[in-house]
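Visitor: Before we start, here is the structure in question, set down as structure tokens.
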Amino acid sequence: MRMLIMGAPGAGKGTQAAALAQAHGVAAISTGDIFRANIRNATELGLKVKALIDAGEYVPDDVTEAIVADRLAEPDCSSGFLLDGFPRTMHQVHFLDRYLSQRRQHLDAVVSLLVEPDVLVARLLDRAAKEGRTDDNEDTIRRRMEVYAGQTAPLLFHYERQGLLVEVEGSGTVEEVRQRMLEAVAARKA
Ligand code: ADP
């Protein structure tokens, strides 16, 4: 299975990505986690992307695409993967389409987690208080929402046209969303 999980900031992608990847026995790859690990370890990449991420802006496509290409080349991705937080721009969509078609591979499903804007902001502010992510403050959250709406939400049409989109209502408890999502993905395959 080769899958994507998409959703606005606060939609619960990271949490549900772990469950979806585990259920299908594939690696979950989060570009946000890769960037945060690099920032924590003060790598060259981390230093390059920290200011952008803290401002709620996207990392440049060429940088992000190179990281994803490296990660997908690891042996644990040979039988499948779940990308969380990639692609986020049309450029990245085309990059991924090309990457897969060159390897005679294709996506099997694109999960979209749907959550009301008010719930998203409440969840992010709650996470800010608990986890202290430097991009979870009010100004940055607002900017991340805008960038998502402008650059990433339109990508869902691309995957809908390809018949890959699996829309999942993302409100409710983690466990409720998990079950709903796993059933929706299974129903699409059947
Ligand atoms: P969120 O919970 O806001 O969806 P992520 O952990 O997925 O957060 O990503 C955090 C930040 O990392 C993003 O706001 C963005 O700055 C950067 N980032 C992650 N993935 C990408 C990507 N595919 N392209 C560009 N920037 C990205």
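For all residues, glycine too, the Cβ spot is worked out from N, Cα and C.
Curation does not apply to TrEMBL; its annotations are automatic.
As annotated by TrEMBL, ATP binding site applies to Gly10, Ala11, Gly12, Lys13, Gly14, Thr15, Arg127, Gly172. What TrEMBL lists as region 'NMP' is 30-59. If you look up TrEMBL, you'll see Thr31, Arg36, Glu57, Tyr58, Val59, Gly85, Phe86, Pro87, Arg88, Gln92, Arg133, Arg144 marked as AMP binding site.
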Visitor: List every residue in the same chain as Thr31 (AMP binding site), at least 6 positions away in sequence, whose Cβ is under 8 Å from its Cβ.
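Guide: Counting only residues 6 or more apart in sequence, the Cβ neighbours of Thr31 (AMP binding site) under 8 Å are Val59, Thr64, Ile67, Val68, Leu83, Asp84, Gly85, Phe86, Arg88.
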Visitor: I'd like to verify something. Among the binding-site residues Gly12, Thr31, Val59, Phe86, Arg133, which ones have a C-beta closer than 6 angstroms to some atom of ligand 1?
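Guide: Cβ < 6 Å from ligand 1, in sequence order: Thr31, Val59, Phe86.
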Visitor: Using only the Cα atoms of Thr31, Arg36, Glu57, Tyr58, Val59, Gly85, Phe86, Pro87, Arg88, Gln92, Arg133, Arg144, which the record gives as binding AMP, return the largest interatomic distance in Å, rounded to a whole number.
Guide: 25
Visitor: For the binding-site residues listed here (Lys13, Arg88, Arg127, Arg133), tell me which residue's CB has the most neighbouring CB atoms inside 10 Å.
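Guide: For the binding-site residues Lys13, Arg88, Arg127, Arg133, the Cβ with the most other Cβ atoms within 10 Å is Lys13.
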Visitor: Nearest to Glu57 (AMP binding site) by Cα distance: which of the binding-site residues Gly10, Ala11, Lys13 is it?
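Guide: Ranked by Cα distance from Glu57 (AMP binding site), first place goes to Gly10.
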Visitor: I'd like to know the mean pLDDT over the region 'NMP' (30-59).
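Guide: Mean per-residue confidence for the region 'NMP' (30-59): 96 out of 100.
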Visitor: I'd like the number of other C-beta atoms within 10 A of the C-beta of Val59 (AMP binding site), please.
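Guide: So the Cβ neighbour count for Val59 (AMP binding site) comes to 19.
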Visitor: Other than its own, how many Cβ atoms are within 10 Å of the Cβ belonging to Gly14 (ATP binding site)?
Guide: 15
